[in-house]
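TrEMBL has this to say about the protein:
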TRANSMEM  B:6-26  transmembrane segment
TRANSMEM  B:54-74  transmembrane segment
TRANSMEM  B:119-144  transmembrane segment
TRANSMEM  B:235-253  transmembrane segment
TRANSMEM  B:265-286  transmembrane segment
TRANSMEM  B:298-320  transmembrane segment
TRANSMEM  B:340-363  transmembrane segment
TRANSMEM  B:384-408  transmembrane segment
TRANSMEM  B:414-436  transmembrane segment
SITE      B:Lys474  site 'Determinant of potassium independence'
TRANSMEM  B:479-496  transmembrane segment
TRANSMEM  B:528-559  transmembrane segment
TRANSMEM  B:623-643  transmembrane segment
There are 2 protein chains.
Amino acid sequence: MIPLLLIIVGGLCAVAYGIVTILDVMRRDAGTQRMQEIAAAIAEGAQAYLRRQYTTIGLVGVVLFVLLAVFLGIKVAVGFLIGAVLSGAAGFIGMNVSVRANVRTAQAASTSLGGGLDVAFKSGAVTGMLVAGLALLGVALYYLFLTRGAHLDPSSREVIDALVALGFGASLISIFARLGGGIFTKGADVGGDLVGKVEAGIPEDDPRNPATIADNVGDNVGDCAGMAADLFETYAVTVVATMVLAAIFFSGPTGSGRDVLEPMMLYPLAIGSACILTSIAGTYAVRLGANQSIMGALYKGLIAAGVLSIGAIAAVNMTLLGGFSTTFTTSTGVTFTSGGLFGCAVIGLAITALIVVITEYYTGTNFRPVKSIADASVTGHGTNVIQGLAISLESTALPAIVIVAGIISTYALAGLFGIAIAVTAMLALAGFIVALDAFGPVTDNAGGIAEMAGLPAEVRKSTDALDAVGNTTKAVTKGYAIGSAGLGALVLFAAYTSDLNYFIANASPTQYRFFQGVSVDFSLSNPYVVVGLLLGGLIPFLFAGIAMTAVGRAAGAVVEEVRRQFREKPGIMQGTDRPDYGRAVDMLTRAAIKEMIVPSLLPVLSPVVLFFVIQLIAGKSQAFATVGASLLGVILTGLYVAISMTSGGGAWDNAKKYIEDGHHGGKGSEAHKAAVTGDTVGDPYKDTAGPAVNPAIKITNIIALLLLAVLAHS
Amino acid sequence: MIPLLLIIVGGLCAVAYGIVTILDVMRRDAGTQRMQEIAAAIAEGAQAYLRRQYTTIGLVGVVLFVLLAVFLGIKVAVGFLIGAVLSGAAGFIGMNVSVRANVRTAQAASTSLGGGLDVAFKSGAVTGMLVAGLALLGVALYYLFLTRGAHLDPSSREVIDALVALGFGASLISIFARLGGGIFTKGADVGGDLVGKVEAGIPEDDPRNPATIADNVGDNVGDCAGMAADLFETYAVTVVATMVLAAIFFSGPTGSGRDVLEPMMLYPLAIGSACILTSIAGTYAVRLGANQSIMGALYKGLIAAGVLSIGAIAAVNMTLLGGFSTTFTTSTGVTFTSGGLFGCAVIGLAITALIVVITEYYTGTNFRPVKSIADASVTGHGTNVIQGLAISLESTALPAIVIVAGIISTYALAGLFGIAIAVTAMLALAGFIVALDAFGPVTDNAGGIAEMAGLPAEVRKSTDALDAVGNTTKAVTKGYAIGSAGLGALVLFAAYTSDLNYFIANASPTQYRFFQGVSVDFSLSNPYVVVGLLLGGLIPFLFAGIAMTAVGRAAGAVVEEVRRQFREKPGIMQGTDRPDYGRAVDMLTRAAIKEMIVPSLLPVLSPVVLFFVIQLIAGKSQAFATVGASLLGVILTGLYVAISMTSGGGAWDNAKKYIEDGHHGGKGSEAHKAAVTGDTVGDPYKDTAGPAVNPAIKITNIIALLLLAVLAHS
């Protein structure tokens with residue numbers, strides 16, 4: 001009981017940090033009246049977006065809640081509700097803080113660069129800590145209720161199903177935030193540019209453009225709410241899947257058995273709790289040094305959080321697992337030590353560090369990849385895009401090798417459970433990582449506000465410097481998000497196979513009847529496994545393709561709305577009439593939600609449809625094999641598609657920045673025009689299709705787990 | 001013996017058709033002196049390319065020959081030699097016919113459209129029939145020699161290894177032709193455009209541009225020699241892998257046993273032989289109808305060949321398998337009928353038809369995908385590329401579903417062997433398909449010659465019409481090439497697992513010692529299988545990325561060479577001095593060969609390196625599992641990467657054509673400029689990276705099979 005309470009205290013610390021920091025940020029000076037007006041418009045737009053988005057989520061959520069309650073019982077449905085509400089809350093609060101911190105960042109930057117960094121980073125940290133804290137609290141408190149309040153056995157199916165449903169609740173928010181949000185943000189960006197820059201000939205961030213506010217809202221939608229929901233989901237599903245594996249490995253008659261069941265189930269939660277404290281400590285290490293390097297200040301914080309986490313996890317080992325030399329044996333006969341698990345956690349932290357470094361290499365302006373795209377821009381639009389695509393494809397290699405090395409080494413240390421613990425440790429830093437990402441839109445907005453409010457040039461210089469770093473952190477954290485999503489999904493896949501084996505082994509005429517006589521051949525020489533891999537592998541390609549098209553259509557909707565406003569209110573262009581920002585936001589939100597229906601159904605329905613179609617053709621056993629293989633197929637191609645899109649997009653973005661910094665002729669040159677084309681292509685790559693693949697990967701896996709639960713109930 | 005001789009007669013018919021048709025084509029009028037001069041320059045360039053390329057291949061080939069002779073014996077080395085020489089011969093002869101048919105097509109087109117079509121298609125058919133005929137003859141004659149001449153048992157390892165090595169010989173040519181050739185053709189295209197159109201301001205196909213001839217040579221390099229080598233390889237490896245499966249399935253003490261061994265091993269050869277005859281018959285059905293539809297004429301031929309093939313395969317069944325109701329049982333306990341095998345063959349033909357239709361939908365100007373890219377061009381370069389990428393991702397879906405349906409249905413009919421037979425039947429039409437593809441560069445060249453020789457506008461109109469159809473057939477056959485390569489590689493993968501099981505089952509202290517105590521877990525729940533899938537899946541991404549970069553560098557080399565010639569011979573631009581076309585071709589060939597070294601080593605070395613690294617870490621058994629899984633990983637992502645690139649590139653190409661046909665403002669409009677950007681991006685997509693993935697997929701699988709053979713020898 002005491003470890004569980006300590007875990008909960010960790011989660012509460014995150015929430016407390018959030019509240020204190022919100023109050024701190026809100027106390028800052030909000031600048032001139034003009035700045036406040038603009039910020040109010042953005043905040044109003046964010047409200048319009050959130051209202052429309054959450055209303056839709058609410059409707060879908062109610063339907064899913066009822067379905068879960070009917071098929072799997074009320075505890076499962078409540079688990080779903082908890083996951084959805086907490087993830088929604090983290091995104092909602094985060095967005096609202098972001099759209100208030102932006103103007104305060106602009107104002108603080110007018111005094112000092114350090115001041116601007118402080119406000120922007122702190123507001124990002126609010127979102128980050130809420131993500132980690134609420135995800136941890138949700139799982140821990142519901143587990144506390146189920147095992148202590150409802151007196152269920154920790155390894156019982158009811159507990160497992162309820163926790164999996166909590167992850168599914170997070171998935172609901174995640175797919176809306178990533179896919180719907182991604183279509184929204186790039187629809188606003190591309191559409192606004194088309195009708196503003198190209199048609200009307202007014203600059204970016206011009207307040208006369210009715211889509212300008214939507215564009216600023218979109219930044220927060222993507223990199224604050226979107227990233228928050230994505231990592232909340234990965235956090236929740238990874239912790240839950242690790243707990244499920246613990247329940248399966250340590251509840252059987254063989255192995256170390258039930259004595260270690262609860263410590264093992266709590267171990268991932270404890271790592272999460274400990275790393276919340278180190279992440280909070282890390283935020284205090286973010287300070288501008290004498291060299292005025294913003295990126296350096298942020299990395300100082302990340303390194304501090306990472307190094308402290310090693311100590312904190314060691315402390316968890318001492319408290320929960322009796323140090324480092326205790327030996328455990330799973331019910332499947334794998335033996336490892338608590339020291340081995342600690343090693344896995346450290347490897348998880350190392351993977352985080354390596355992925356950050358690799359992604360910065362591929363998207364930073366100081367290195368070969370971005371420079372090569374900038375060089376290729378000199379010879380035109382086509383060569384810019386060719387080189388960008390080449391880099392995007394190439395950028396998959398090193399992260400893949402890091403992930404593979406992580407799998408091999410942690411499996412050697414502690415088997416499947418070791419892999420799960422590594423991913424848990426990787427995600428334990430999610431609080432700090434989201435802080436880095438949510439920092440981006442705040443500085444981006446701050447720059448926009450400084451522009452629109454006509455602040456002096458040196459303020460613009462500070463906000464530009466912050467914005468440039470924001471571009472890098474956004475790219476870097478996207479690499480982390482997809483890497484962790486892929487690994488988290490692998491843990492989910494392990495949970496699927498373990499769950500399936502459990503149901504088959506325990507099937508009888510009285511329980512798990514559906515699984516009687518089922519014998520699944522997961523071997524690669526079973527053609528249905530090949531079929532599953534192929535069909536699963538197709539999903540990220542098709543999903544990403546539809547998402548890219550959706551951005552185009554949403555942008556088209558923006559163009560029409562802006563044209564309509566210009567037509568009906570000629571005063572807008574003369575500056576005598578105010579555009580209806582809210583209407584543009586609301587219209588775009590509706591368009592984005594409409595556009596996300598088809599692609600979001602793809603990962604949701606495919607495991608279910610695949611199961612029943614193959615069951616019809618070849619029977620239950622092959623259906624389970626096909627669905628299982630399809631999960632791995634989604635992970636496999638999803639990882640590569642998402643990494644290539646997010647890194648490639650980031651590289652294009654910074655190649656443009658690199659030219660704007662005065663290389664190859666600078667702004668306005670032919671090379672710059674080519675680089676703008678690359679950046680436009682990279683936008684939906686890195687902000688819509690790529691990131692949206694993350695929830696797609698996780699959702700197929702979660703749905704498959706729920707499908708098993710439903711079949712077990714039937 | 002008689003069936004084998006009949007098979008050989010089929011192969012000889014293809015060769016005879018080739019000779020007769022070459023004579024027929026060469027008899028045609030070669031046009032004016034100016035035309036002949038230009039054609040001579042192209043032919044000379046082709047010679048320069050072939051000389052340099054084949055010299056390098058020869059050097060690499062000698063090394064490989066010696067290595068194979070040392071490690072696996074002389075019969076294996078000779079098999080390799082046969083595969084390499086025959087595939088090389090098909091490409092060599094095909095190229096030489098193409099670069100002589102181009103001018104004759106231009107001349108014939110000046111009389112009638114039907115005349116131009118006749119010459120161009122016939123010259124393509126030479127390459128096509130040589131591919132199918134020589135591949136079939138190589139396998140059949142060497143099999144005849146090994147079993148009747150050297151009196152080896154048809155199912156012995158020596159026969160199997162020698163035939164696999166024959167496939168490997170074809171692979172050597174294929175990787176050079178596809179990767180080196182792909183870099184060559186797009187280096188010439190992109191580089192020539194950059195320095196000619198952009199820098200010097202002279203039109204495409206201007207004889208003053210020293211890279212013009214290289215560009216025209218490049219068309220033949222890619223779509224004549226490249227496609228020929230690619231499909232020769234797929235043809236050979238598929239037939240061989242199917243024979244290997246037959247040897248394993250029908251040589252054991254259980255099952256139908258040795259009585260059916262030889263018929264089963266000959267069945268794929270007989271299908272190939274029968275379909276050569278139907279393909280030849282199909283070429284006579286290519287006739288321009290009253291509606292003057294060129295595409296219609298070509299499809300008439302394809303449909304005729306396909307329908308006749310059904311009858312021909314039925315005849316093979318009657319002769320070789322005793323009709324349709326004979327029952328067979330494999331040594332692994334799978335039972336099927338000869339009628340089932342016939343069904344599989346028909347499904348293979350149906351897959352061919354469906355992939356042709358789907359690819360035409362995605363790349364034809366009459367359908368949504370291409371039109372959507374053309375529409376997106378109106379709003380700029382960026383939106384054109386975004387929509388093109390969206391279509392390229394989306395285009396993977398239907399072919400994947402067709403392939404999956406094919407796998408499921410043929411597996412249901414006749415197990416693994418059924419899948420192999422379906423792929424064999426699919427490839428049996430390779431002769432006709434290559435004819436369609438090799439038609440493209442001839443018409444493309446004909447257009448160029450008409451332009452450069454200043455032929456009247458109505459001739460240009462005819463050659464343009466032929467050229468437009470050539471674009472479509474090039475795109476369509478690329479879909480077929482990648483679909484069949486993927487399926488062929490699946491058969492190779494089945495051969496790998498079957499081979500491995502065979503070695504493990506028969507391992508003893510006296511033979512296959514290396515495999516003693518090996519027990520391979522190919523289950524998806526083995527993390528090493530996941531590792532293998534991930535690393536294998538990486539190869540096509542990384543390979544394609546490097547290939548794209550290589551095109552950029554080769555184009556840079558062209559730019560420098562052309563600048564040098566302009567600088568040193570100022571007379572070129574005034575038309576008083578002749579550019580040194582041969583030097584440009586030779587320089588580019590060298591650049592292309594240099595650029596292909598790194599990417600080509602990737603698929604060649606990865607199975608070997610992977611095996612020994614994992615053996616070091618986790619032992620032999622896991623090493624076999626990892627390598628096996630990596631083969632499937634390559635197939636999985638390779639299929640999607642290649643389809644998306646070839647279809648996407650074709651769609652971009654035709655979106656430009658669609659605009660040039662007068663839509664969205666036509667040639668010279670802003671939309672057209674954007675479409676040119678898309679086309680430039682699509683070029684290395686569809687002509688370098690995408691097609692080069694085909695041999696990469698097959699080579700990893702072949703290398704893995706050879707690795708097994710080497711280990712079995714040790």
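Yeah, the Cβs are placed from backbone N, Cα and C, and that goes for glycine too.
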Beyond the flanks of the transmembrane segment (B:479-496) by 6 or more, those residues with Cβ under 8 Å of it: 227, 230-231, 234, 237-238, 241-242, 244-245, 248, 351-352, 355-356, 358-359, 399, 402-403, 406-407, 416, 419-420, 422-423, 426-427, 430, 433, 628, 631-632, 634-635, 638-639, 642-643, 646-647, 690-691, 693-695, 697-698, 701-702, 704-705, 708
Distal contacts, the transmembrane segment (B:340-363) - CB-CB under 8 A, six or more residues away: 267, 271, 302, 306, 309-310, 313-314, 317, 321, 324, 369-370, 391, 395, 398-399, 402-403, 406, 409-410, 413-414, 417-419, 421-426, 428-429, 433, 472, 475-476, 478-480, 483-484, 487, 647, 650-651, 653-654
C-beta crowding around B:Lys474 (site 'Determinant of potassium independence'), within 10 angstroms: 28
Contact call for the transmembrane segment (B:414-436) and the transmembrane segment (B:119-144): at least 3 Cβ pairs under 8 Å, seq gap 6+: yes
Contact check, the transmembrane segment (B:298-320) vs the transmembrane segment (B:265-286), 3+ Cβ pairs under 8 Å, seq sep 6+: yes
Stretch contact, the transmembrane segment (B:265-286) with the transmembrane segment (B:235-253), Cβ-Cβ under 8 Å, 3+ pairs: yes
Stretch among B:6-26, B:235-253, B:528-559, B:623-643 sharing the most Cβ pairs under 8 Å with the transmembrane segment (B:119-144): B:6-26
Distant-in-sequence neighbours of the transmembrane segment (B:623-643), which means Cβ under 8 A and at least six residues beyond its ends: 395-396, 399-400, 403, 479, 482-483, 485-486, 489-490, 492-493, 496-497, 500, 518, 520-522, 526, 528-541, 544, 603, 606-607, 610-612, 614-615, 689-691, 693-694, 696-697, 700-701, 704, 707
